[in-house]
Amino acid sequence: MADKVQTTLLFLAVGEFSVGILGNAFIGLVNCMDWVKKRKIASIDLILTSLAISRICLLCVILLDCFILVLYPDVYATGKEMRIIDFFWTLTNHLSIWFATCLSIYYXFRIANFFHPLFLWMKWRIDRVISWILLGCVVLSVFISLPATENLNADFRFCVKAKRKTNLTWSCRVNKTQHASTKLFLNLATLLPFCVCLMSFFLLILSLRRHIRRMQLSATGCRDPSTEAHVRALKAVISFLLLFIAYYLSFLVATSSYFMPETELAVIFGESIALIYPSSHSFILILGNNKLRHASLKVIWKVMSILKGRKFQQHKQIG
């Protein structure tokens with residue numbers, strides 16, 4: 001029964017992976033083509049491209065981990081070859097979260113309107129420093145990933161190996177103090193970008209409220225370009241926060257799975273849920289970006305035209 005559930009979850013993971021690769025590759029391809037054409041790249045496009053690349057890598061690592069867990073359980077339990085995968089999963093996980101946080105920060109500074117001197121100073125300089133912020137996210141993610149992978153996953157692999165030999169939950173002996181400190185370190189490292197996104201969300205809400213109030217007082221209506229920009233940014237930030245919560249819970253299931261009777265099943269279940277975040281959020285970003293949305297509509301229109309042309313040719317040959 002457990003094998004059937006694992007196989008079903010694996011097929012689900014493959015489907016989520018395919019959808020995620022399609023959306024994120026589209027974002028990266030459109031922005032890179034625009035970069036080559038204009039010989040420069042806008043800050044928002046740089047953030048979206050970095051986010052798309054990190055999520056493509058994250059999707060590949062998670063799916064590879066799923067395949068090895070189901071098809072090669074002995075390799076999964078050894079802890080030697082898997083250390084590389086563990087490192088890249090932790091790295092791409094934090095890169096994806098921090099790049100999404102950079103996107104939220106960018107929305108807050110570019111769209112929100114406040115007259116505090118510090119906010120205005122940062123608003124005017126955000127385009128100049130965004131590449132350095134992204135580079136800092138890479139350095140920070142590497143700094144977090146190296147010790148976390150070494151400590152946390154060593155205990156996890158040992159536990160999986162012990163359970164496969166004895167089939168008893170209590171046979172797993174890990175250093176709980178070290179494990180708890182590593183989990184606390186990972187949780188705090190993940191909680192920081194979440195809090196930053198939450199602050200960006202509240203800034204956008206407050207800015208939108210003040211803007212609508214000004215528009216109502218001037219009797220010019222509420223549906224102006226600034227309001228639309230606020231709403232699009234809020235949709236992107238809210239979707240990230242909700243999907244991030246689901247992803248974080250699935251991450252907790254996967255990393256805490258050796259306290260459960262069916263470790264392998266808990267891991268692949270957590271990974272299947274985790275794939276939803278990098279897969280679905282890319283399409284929300286496409287719909288919220290004018291250039292990406294128009295490019296996607298062009299692609300859909302061309303595909304429909306090709307399909308209609310093929311149907312016409314088939315009917316012509318039959319007739």
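Keep in mind that glycine also has a Cβ here, set from the backbone N, Cα and C atoms.
Taken from Swiss-Prot as is:
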- 1-9: topological domain 'Extracellular' (TOPO_DOM)
- 10-30: transmembrane segment (TRANSMEM)
- 31-55: topological domain 'Cytoplasmic' (TOPO_DOM)
- 56-76: transmembrane segment (TRANSMEM)
- 77-94: topological domain 'Extracellular' (TOPO_DOM)
- 95-115: transmembrane segment (TRANSMEM)
- 116-128: topological domain 'Cytoplasmic' (TOPO_DOM)
- 129-149: transmembrane segment (TRANSMEM)
- 150-187: topological domain 'Extracellular' (TOPO_DOM)
- ASN167: N-linked glycosylation site (CARBOHYD)
- ASN175: N-linked glycosylation site (CARBOHYD)
- 188-208: transmembrane segment (TRANSMEM)
- 209-235: topological domain 'Cytoplasmic' (TOPO_DOM)
- 236-256: transmembrane segment (TRANSMEM)
- 257-266: topological domain 'Extracellular' (TOPO_DOM)
- 267-287: transmembrane segment (TRANSMEM)
- 288-319: topological domain 'Cytoplasmic' (TOPO_DOM)
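Three or more CB pairs closer than 8 A are found between the transmembrane segment (56-76) and the transmembrane segment (267-287), so contact between the two stretches is assigned (pairs 6 or more residues apart). Of the recorded ranges 10-30, 95-115, 267-287, the transmembrane segment (188-208) has the largest number of C-beta contacts under 8 angstroms with 95-115.
Outside the transmembrane segment (267-287) by six or more residues, the chain places 6, 9-10, 12-13, 16-17, 19-20, 23-24, 26-27, 48, 51-52, 55, 58-59, 62-63, 65-66, 69-70, 96, 100, 235-236, 239-240, 243-244, 246-247, 249-254, 257, 293, 296 with a CB less than 8 A from a CB of the stretch. Taken together, the residues of the topological domain 'Cytoplasmic' (209-235) have an average pLDDT of 73. Under 8 Å from some Cβ of the transmembrane segment (236-256) lie the Cβ atoms of residues 93, 97, 100, 103-104, 107, 152, 156, 183, 186, 190, 194, 197-198, 200-201, 204, 266-267, 269-274, 276-277, 280-281, 284-285, 288, all in the same chain and six or more residues away from its ends.
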